[in-house]
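Everything on this sheet refers to the single structure shown next.
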Amino acid sequence: MKYVKAFVSEISWDCSWYCSAMQERRNEDRQKEEEERILQANNRRFNSLFEYPDNSIKTSKYGFFNFLPMNLFEQFQRLANAYFLILLFLQLVPQISSLAWYTTVIPLIVVLSITGVKDAIDDVKRHRSDQQINNRSVSILVNGRVEEIKWRNVQVGDIIKLENNHPVTADMLLLSSSEPYGLTYIETADLDGETNLKVKQAISVTSAMEDNLELLSSFNGEVRCDPPNNKLDKFSGTLSYLGNTYLLNHERLLLRGCVIRNTDWCYGLVVYTGQDTKLMQNSGRSTFKRTHIDHLMNVLVVWIFMFLGGMCFLLSIGHGIWENSRGYYFQAFLPWKHYITSSATSSALIFWSYFIVLNTMVPISLYVSVEIIRLGNSYYINWDRKMFYAPKNMPAQARTTTLNEELGQVQYVFSDKTGTLTENVMIFNKCSINGKTYGYSYDDNGEYVPKSPKDKVDFSYNHLADPKFSFYDKTLVEAVKSEDPLVYLFFLCLSLCHTVMSEEKVEGELVYQAQSPDEGALVTATRNFGFVFCSRTPETITVIEMGKIRVYRLLAILDFSNERKRMSVIVRTPEDRVMLFCKGADTIIYELLHPSCASLSEVTMDHLDDFASEGLRTLMVAYRELDKAYFQTWIKKHGEAWLTLENRERKLALVYEEIERDLMLLGATAIEDKLQRGVPETIVTLSKAKIKIWVLTGDKQETAVNIAYSCRIFKDEMDGVFMVEGTDRETVLEELRTARKKMKPESLLESDPINMYLARKPKMPFKSLDEVANGNYGLVISGYSLAYALEGSLEFELLRTACMCKGVVCCRMTPLQKAQVVDLVKRYKKVVTLAIGDGANDISMIKAAHIGVGISNQEGMQATLSSDFSFCQFHFLQRLLLVHGRLSYNRMCKFLSYFFYKNFAFTLVHFWYAFFNGFSAQTVYDIWFITFYNLIYTSLPVLGLSLFEKDVNETWSLCYPELYEPGQHNLYFNKKEFVKCLLHGIYNSFVLFFVPMGTVFNSERNDGKDISDFQSFSLLVQTTLIGVMTMQIALRTTSWTMINHTFTWGSLGLYFCILILLCSDGLCLRYPSIFNFLGVARNSLSQPQIWLCLILSTILCMIPLIGYNFLRPLLWPINADKVLNRIHFCLKHPIPTQVQTKIKHPSLRRSAYAFSHKQGFGALITSGKTLKSSALAKSKRFL
């Protein structure tokens, strides 16, 4: 039977998947044929010959004309719907039809209509989201003038114009820009998660055209380049123009998903559009997501089919035996039909007749009821005011209505870093200068007090201060004003030692272009404290120091590298002193200090430990005054190393080390890589709920690790954090095995051969068993090492090692690698996964996970459009999972348990009745009762239970994350629970048949007339059944609302109203062939034994459920039962107000600004390519 699930999973695919797969197949076929892309600028006619796709994106499933056939085709993929369609055809065969055709048609039409309307509403929302992106405007060059067109209409070969802060419309070749040398600054946070500005440069032949529309319009260059691919950092091709050929690489290409920054305008030639862009190539395949409960229901429906077939077979055999033993006595007045020649023939026909009679074993309203429940729970998410983000006026949004209960079963969360855990904001928080810390708030008595707005330093005395900058320690301002020499050197170092460039976008307004966000924060801080970096040239740096312009001659920039983890500048002061200023990682600078700084360095290191314990990013600042003669000797060595062709970088590093020694320590800085509000608390809470969190980011390793410590994914109390940094397969394998051996020495070094064989067959029902480590560990792996670890032979090693860790950080990842990691856990762990991110680079993992969550940000909506749920802040995730997810799962499980039970109890009465009617496929109930049972009589109470049930207050759900655990292990509804429902239904059907049978057998009314007729018996059974079902739903409800009362007791009352109507003289006399229970209700319900039967049957049916609910928590309790008992005890006291406890960060890890810096930017500065005119003239304008 374990293979049936896999079989049913294969069956449950839908047409949207099929259509999208066919479209992707056509795209793949076209790309295989396209070995080289060829296009001409400004020549749509030529480019149209290649049938390149347009620039639109599509996430919707249906169109206006194909909605009805596609939606019906999709709905009939569900086994139950297909079953009832087949059943309808069977009912049209008179030889076997035992029920009227409308008993199936009416419910089937209602079910299909409700689901169709819901699907249509969902798809309209997707259409609107697509239009929001596709209908954005962009400027395009047409016949020598700039025109506005929609994004969807952009074609390959068009020349488009982008301005500052505009998103890039399509992958395009940069032609020219407003910046010198055709440079353009871009932000790629949506692609790789990095907030650093990056520089792209146009080739010289096109950058000379600048914004000359005549030249750009006449440009007819031909580009030959790679066909569409998903490699973000790879692009090669040639540009043929005016008889010359120019080489192209990825430095010339602007990718869709980037945002233009600090560049007034730029022009680009569109190379890839729509689905061909590298962003969309990395977005992964769209799949129709179904929950684990959906797959389980398909398996259970197959079980029901098998059980139904078995019963029909037994009943048909019983019919054959009965016909041979007793049936011939009845043939005198009820002869066989002409098409029945023997008892075997009759048995064969009876098989199908019972197949129709017992059809309610497969509940026709199951799927539509599930959809209604999911829709209702989705609205709870949309309406949740506690997930509403007021600054952006954005509520949480359930973008799909099919995954709500899956939110209550998540075991792995895969999170992006930039923009998801962090706010993309770096803030100068604290510093240490000459052994004294600044940045804490103190009262008049010198006692530490929390920061408050009233303690904010007033920088109004400095007209060049950045109004957005905040600082809360006035003593630092006083130290600056008192002209303390070391404080002066500290801020002078920060204002000179950087690669920031300044720009005056509006006259008198200074704007910084920071290649590293850390540097931007530092330079902004020095600006507010009176040391204003104003401008630079290749030879000078101009600083306004406390209102005075000072020009420093730039002698050398000792550039950053990953190995050096520091940078230095050498300048000549106006007083003709040669000074070296250096800043970098504390562990590096510490080794370069002069021995006289020993005591100061120890104090500063203590301060750095304090800063790091708060999760701040730290670095050290130092200087050295150089002897002029020594410097002249050194600069010659530097020049020789610079001109070397072989091992230039190595030789430059040695020259740098020669002069970066005997440094004098100035102090240290602490920058807050600002986490979103509540991130550490959320992660701690989710960890208590046994949810593992992996960070998948494109950012650098040190930055990612630092954030992992800040948000409590990694903790100091861990037994170790393993770094997998291998650059070849063997090294990566060895590092993974070494880590696993340390975590669990008895763990097999060699993977189980059987598991390895099954691992290569993902379609097999295979699950990797959990291995528990002997301690708490973390794992860090880079994208380069991940490329080897994700190979077929190593991926299982990676999975085993990573899943033994409490936290995992994967850095320097491509979007495709993110999806591969998520898929790896999905395939082998068989758990529910959730991916959360905010950028276009997160789309692939959002699509790959069972549940995709998009963080809505100001820059882009790509991740949100591809997500299943969206909101604005990461800390809303705990509410989404622990409140909405848990409740949705609990409600769905209660619904399914009751739904299957009530259908079994209802249907199996026919089984017992067969033994008393000669196995003739006659029904116990009135035909209208069969039609209305699932649609009217029992639908509203169970919907009320499924939409309003709440076992505990939402505050308790957040206070006790352990309540989430049953959903992770699928304890509340599984195959075992289904069997219990079946047994419960069998028992109840037995009671519901034989107790009324005993009541009416040989019974008389008060007037002496017999009441043991079929119609009276039928009415008694169905009335008893409705009474029992009402009490069952009441017993299962723990949270009563007015709606629950109305639905539960109102449905009972509605049954009696309809019963009286159907038995009324008006209907029965006018339509006797349809309504044939004339006066039965009036006569039967007036008898006391009928009501005594109802009470007795209800008590007998309720006893097992009451006993089980009482004994199970006592004899077989789970952790959630113990927590619930604790909560029920605490309910005697007021419900606690949930307070987010401030998490302290005891981590002693420190990371420097250099980790988010890009090597080689110093050389770009000294080349002068990034610089504009007259630095001194510009500086004077700020005085």
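Backbone N, Cα and C define each Cβ position, glycine as well.
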The annotated transmembrane segment range in Swiss-Prot, which must be one of 540-560, 981-1001:
981-1001
With Swiss-Prot as the source, which of 804-824, 1014-1034 is set down as transmembrane segment?
1014-1034
Among 348-368, 904-924, 927-947, 981-1001, 1014-1034, point out the range having the most Cβ pairs under 8 angstroms from the transmembrane segment (1049-1069).
927-947
Does the transmembrane segment (1090-1110) come close to the transmembrane segment (927-947), meaning at least 3 CB pairs under 8 Å for residues 6 or more apart?
no
Counting every protein chain present, what is the number of Cβ atoms, excluding its own, within 10 Å of the Cβ of ASN841 (ATP binding site)?
32
According to DSSP, folded down to helix, strand and coil, what is ARG617 (ATP binding site)?
strand
Winner by Cβ pairs under 8 Å against the transmembrane segment (981-1001), considering only 348-368, 904-924, 1014-1034, 1090-1110:
904-924
Check PHE560 (ATP binding site) against DSSP and tell me helix, strand or coil, would you?
coil
Out of ASP416, PHE560, ARG617, ARG812, point to the one nearest ASP838 (Mg(2+) binding site) in space (Cα versus Cα); all of them are recorded positions in the record.
ASP416
Reduced DSSP assignment, THR418 (Mg(2+) binding site):
coil
Of the binding-site residues PHE560, ARG617, ASN841, which one sits closest to ASP416 (active site, 4-aspartylphosphate intermediate) when you measure Cα to Cα?
ASN841
Would you pick out, from the binding-site residues ARG617, ARG812, the residue whose Cβ has the largest number of other Cβ atoms within 10 Å?
ARG617
Do any of PHE560, ARG617, ARG812 (binding-site residues) have a CA within 10 A of ASP842 (Mg(2+) binding site), and if so which?
none
